[in-house]
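Feature list (source: TrEMBL):
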BINDING   111, 153, 157  Fe cation binding site
ACT_SITE  154  active site
Ligand code: K1U
Ligand code: ZN
């Protein structure tokens, strides 16, 4: 099978009855590509795909989703650490970590692209992140705890990096082999 990176977002959202978005798993090559910057002319299409991306994330369920996970090699991501009855959705376009602490924290991570695989990953404990909103405003905020972990994990996706890349080769290969076996069984 050939896989093409869709960088144009020329299809519409699931809310209009379209098929739900599939979350990609390895070895899909888009998961390993560096995503390109979002340009102003991309924003209308991003607006159209966002409801389907939020549906896919909430249904999984997940607390984050990056565009490459649904085959779009563009630099935007979603996070929502809110409860089911108190959603707190954030869309970050062209996000950048502009500061991080030297203090590191280990936290268990999962990934919707690596279903049922979990491992502790060490990352900067607190970050300051800058991004564009869907309306073109520039935002900045500090994040710590699970939010900091999740934003760093999602920005990694924009670089073609998966959480297993932060582990030893031994652990990474073990997880990827186990996942390949599980996906083959399905
Ligand atoms: O990018 C993704 O694949 C989403 C991922 C985000 C993430 C979670 C935890 C640590 C780092 C990054 C997930 O959402 S995996 C699912 C998950 O961990 C979760 C699901 C529901 C509630 C709480 C956590
Ligand atoms: Zn992930």
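Residue positions begin at 1 at the first shown residue.
Cβ from N, Cα, C; glycine included.
Structural mapping of features recorded in TrEMBL.
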residue	record	CB count, 10 Å
111	Fe cation binding site	26
153	Fe cation binding site	24
154	active site	23
157	Fe cation binding site	24
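Taking the C-alpha positions, the distance from the residue listed as 'active site' to residue 111 (Fe cation binding site) comes to 9 Å. Neighbouring residues of the recorded Fe cation site, listed in sequence order and excluding 111, 153, 157, comprise 64, 66, 69, 109, 112, 113, 154, 156, 161, 162, 163 (Cβ within 8 Å of the Cβ centroid).
Under DSSP, residue 154 (active site) is assigned to a helix (H, G or I) in the three-state scheme.
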